[in-house]
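One structure is given here, and the rest of the page talks about it.
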Amino acid sequence: MSTTTTEARSPLPLLLRRGRSSTALSASTAEARSPLSILQFRRRSSKDVRNITSVSSSLLPAFGTFIEDDNPSSKPFIVLHFDRRYRLWELFLVILVGYSAWASLFELAFEKAAEGALLTIDLVVDFFFAVDIILTFFVSYLDNTTYLNVTDHKLIAKRYLKSVAFVMDVASTLPIQFIYKTITGDVGRGQAFGFLNLLRLWRLRRVAELFKRLEKDAHFNYFVIRVIKLLCVTIFWIHLAGCILYWIAYHYPRPTDTWIGSQVEDFKERSVWLGYTYSMYWSIVTLTTVGYGDLHAVNSREKTFNMFYMLFNIGLTSYIIGIMTNLVVHGALRTFAMRSAINDILRYTSKNRLPDTMREQMLAHMQLKFKTAELRQEEVLQDLPKAIRSSINQHLFRSIIEEAYLFKGFPEGLLVQLVSQIQAEYFPPKMEIILQNEIPTDFYVIVSGGVDIIASKGVSEQVLAKLGPGSMAGEIGVVFNIPQPFTVRTRRLSQVIRIGHHKFKEMVQSDNDVDAKMIIANFMTYLKGLNDELKKEIPFLRDLLDDADAQVQETVQSEETPQSNDEEIVTVSRHENGQIEERRREGVPKRVIIHGQAPPNQDNKNNGDSNGRLIILPDSIQLLFDLAEKKLGKRGSTIAMADGAHVEQIDALRENDHLYIF
């Protein structure tokens, strides 16, 4: 084996030479890379996770602030605005807001309805909102400038009293009609009471805040929330317009010259629900621009209102159509993108006259890319913190990495680093993952599916092996730093883990030498177990395995331990029982070139091997003679340098010396 070939194909560069002892380095590395410091986290229940997702949209603490997990507020009689129970109270009030919005307009248009049961219901509803006013003085709030949760009683009360919300809350909660009846003994039937009741529409802001929060809550479907919001807006607008239309007709001086009086002459004496039905019917017909003609504006007041009503309907209809179009189109964007990508592939293959096999592979890969879009971790995890991404990778791929032969016996810290940097990919059937003779940039661990190891024989191909989940592909080219010796092709839909060459090399070289030795030991054991067909495809593999066995043999037989400097060399061997043996010797491993002939400057030149053999210098002269006999095919008795000087001590030799053994 030539010098260049041995240097390029030797896996020994992965063995790190340290200036300090392996024991000290291992201890320091273990301390620095303790898995407990990396993976230690507090487990959260599903309830905790739900609380986090609900709080995150409304509570944004400033940097450097700390909020306790159990009770962020240590002050008594304080209700946290993001507390789950307070959220339920707000939801209950939203239901009452819906009634208030309907009743205030209904009582304005139909005065007779405000005297009956609705008056009692209004009092009950106002009572709950009065309780909420008192409760607001004890509810924390989020400071918009510091983003801190304020729990001070004085600050909460001062902020609420100085706000417009306090004045409007009190005004919309006062039961003015009931107070008037209590004082005067007469039921207030004037229009003033109806308009004062419209102050209750101020409560609609609670509905807007609820939808704003639900749209950002991951527990609810965004499409459904937006549709419900549009439906509520439409129903409220129909109810508002219908009540105003009836109020205009009811208070017009000539009842028969109104839109409803022309159809029902005595509509004022008829049932309230009859008038409400007519009002809703005409409001819906006008909103939808159907216009049957059975109901129409008669007097100038109704015509004026209808003009503004239809103008507003144009904007409302445009808003609803725009929102619905956006929601529907958003769901079809992925399909449109896939169709566009497929059309681009078809045009490209047709223009460049690519064969059908390549076209089918490109189409299959593109379709698989869109089908597995939700499973590809890069797009899902790219915006997450590194710690969360690492935890997800540990959960998904830790077990499969531990089963791979190359990483068996790996320390915890190195496994954490490796799993944190891997990437998962999907490949459709009959897709080449690795091409023969390509540059070894990555190697793969098969998670699911299966692949074939293929060697090209001219125009034909030969399947050398079939690999399943847990197997590795492409690692031979990466470790030896040679062009990939085989083609790797999927048999069916396969998920693989891709590990980059440079990242793997940097990670191993930055760790202690014990980890590198473990990789080499596992790798050499795997190479010895390859079938003969695979070994034939790697010409230098047999010589490399023989050299490794010879080095182990020399290390076992060596009794000398020369000291040269502070560096330490560790030799690893794996016994048949699976145990790994480590032997240490001081000094940098020296590589020398041996020749089976006398030095060329002497008269008695032999016709031996002029190219020489590159070997690692053993520990003694006797072992050097034994190794030379095995490599050169003949045993010598003398060792000389190129200048003819005889070698008597092994320590006198230097790196890349030419030794002539004869």
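In case you wondered, yes, glycine gets a Cβ from its N, Cα and C as well.
The topological domains that Swiss-Prot gives for Gly194 and His251 carry the same name, which places both on one side of the membrane. Feature coiled coil, per Swiss-Prot, maps to range 528-558 of the set 32-62, 373-403, 528-558. The Cβ neighbour count for Ile454 (nucleoside 3',5'-cyclic phosphate binding site), using a 10 Å radius over every protein chain in view, is 19. Secondary structure counts, DSSP: the domain 'KHA' (591-662) has 15 helix, 16 strand, 41 coil. Residues within less than 8 Å, Cβ to Cβ, of Glu438 (nucleoside 3',5'-cyclic phosphate binding site) and separated from it by at least 6 positions along the same chain comprise Pro483, Gln484. Counting every protein chain shown, 16 other Cβ atoms lie within 10 Å of the Cβ of Gly470 (nucleoside 3',5'-cyclic phosphate binding site). Met518 (nucleoside 3',5'-cyclic phosphate binding site) falls within a helical segment according to DSSP.
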